[in-house]
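Asks: The structure under discussion is supplied below as structure tokens; questions concerning it will follow.
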Amino acid sequence: MAFMEKPPAGKVLLDDTVPLTAAIEASQSLQSHTEYIIRVQRGISVENSWQIVRRYSDFDLLNNSLQISGLSLPLPPKKLIGNMDREFIAARQKGLQNYLNAITTNHILSNCELVKKFLDPNNYSANYTEIALQHVSMFFRSEPKWEVVEPLKDIGWRIRKKYFLMKIKNQPKERLVLSWADLGPDKYLSDKDFQCLIKLLPSCLHPYIYRVTFATASESSALLIRMFNEKGTLKDLIYKAKPKDPFLKKYCNPKKIQGLELQQIKTYGRQILEVLKFLHDKGFPYGHLHASNVMLEGDTCRLLDLENSLLGLPSFYRSYFSQFRKINTLESVDVHCFGHLLYEMTYGRPPDSVPVDCFPPAPSMAVVAVLESTLSCEACKNGMPTVSRLLQMPLFSDVLLTTSEKPQFKIPSKLKEALRIAKECIEKRLVEEQKQIHQHRRLTRAQSHHGSEEERKKRKILARKKSKRSAIENNEEQSMKYNNSNNSAGSGASSPLTSPSSPTPPSTAVEHAPF
């Protein structure tokens, strides 16, 4: 698919990572309940907004579903008596707005299906598990040796990616995991190239890439099978989580926040950087690094989900790096995402916000040096270092890797060219989005500055000065006109009688004639 080519008819390729904001515009009281009219907006464009109507019971239902996260969310309490009073409704509306702000500014909650369906029912009304099951069932018609053990419900953060625990019929003790994913907004490969590249993934051998057992694709989705790892991902290790638990339960509110040991940080970090360099050298776009996409096998990290960039899926951290115009290539995206991952390994939790102004105490100043080069204000403003530069930094340069496995990933020249073009298209969309965000931010700052109390005072003072100056100038002008008029009258005899600007009456001319 060429850049900006329209998707197939009926296919909506939404970027699910674009933030939704919600503001309660009004409330209306009916016979026994109150409805709240909410304006929801996707991204920065005011045109891309819509109204929804929700009752308190809808908020309560959503909140009950989000309890799995373990977070204490600020939903106003129920009230059975006096809940139609005007003052109560105003106070509740304010409380519900605070609740909306809390869920839309939480990175994990804002991306979950429950919140998306609550705020945008038109675009998120489908049953994605049912859609995935239909595609998986079609696959099993031609591949009868596989069998579904159970669905792994909500173990990932993506709305349009589903997982199933599998087994091979003649090897019932082995467990595998099947992942099925729909297309995303950055799918720029032709259908033929897309399917060829997906089927190449099982041939990719690298000590730090998790092996794909089987891969296939249709024109609208991809299906991959890997071995199931009971110990889970790097994020499961950091959060002491069970791999089969839902994403919200595992990662929203960890019971114990504790970073990894320094040697683990150094070893895992070096391994991840090595595989990123390998992919960059191959011209294979990644852009999806985060702790849940790193599988752990003993002391070895193995990267997951290489298919995401081929499918055109947006990155977990897109809403972060789309704010910074210098992070505009997939290589720089990987480096920035590595900064997020390193922060999580070091402190046991993600940063509160990015850029990070001040880093907490770390096991080594060498860790802080890498974090500053990827997450600080200066780094986000001026650009990311290369993966090669990070490998040379003291934190990783002395790490010895003992693997003897030789990397292999042969990509035909024609497909390399297709990857290069697709990568450029992905980066063009990112740059355009960053430009729009930058312009919107400048306009918002200007409007905020213009509307500030200090600016209003300045404008009042300037207006008074201008009015005073204008009054003085008017007085001077009137005075000059009066003087000119008198002078003109006093020297009328010397003026030519034919002058159209100062005609002299005959009687006046005679009166002032010389003797």
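Any Cβ shown, glycine's included, is placed from N, Cα and C.
As the structure is a computational prediction, the values presented were derived from the model and not from experiment.
Straight out of TrEMBL:
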DOMAIN    14-126  domain 'PX'
DOMAIN    149-483  domain 'Protein kinase'
REGION    437-515  region 'Disordered'
COMPBIAS  437-448  compositional bias 'Basic residues'
COMPBIAS  457-469  compositional bias 'Basic residues'
COMPBIAS  483-501  compositional bias 'Low complexity'
Asks: Using a Cβ-Cβ cut-off of under 8 Å, list the residues of the same chain that are 6+ residues beyond the ends of the compositional bias 'Basic residues' (437-448) and lie near it.
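Replies: Same-chain contacts beyond the flanks: 44, 322-323, 325.
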Asks: Averaging the per-residue pLDDT over the domain 'Protein kinase' (149-483), what integer do you get?
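Replies: Averaging the confidence scores along the domain 'Protein kinase' (149-483) gives 92.
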Asks: For the domain 'PX' (14-126), how many residues does DSSP put in helix, in strand and in coil?
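Replies: Helix, strand, coil within the domain 'PX' (14-126): 44 helix, 26 strand, 43 coil.
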Asks: Looking only at the compositional bias 'Basic residues' (457-469), what are its DSSP counts of helix, strand and coil residues?
Replies: 13 helix, 0 strand, 0 coil
Asks: Under DSSP, the compositional bias 'Basic residues' (437-448) has how many residues in helix, strand and coil?
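Replies: Tallied per class, the compositional bias 'Basic residues' (437-448) gives 12 helix, 0 strand, 0 coil.
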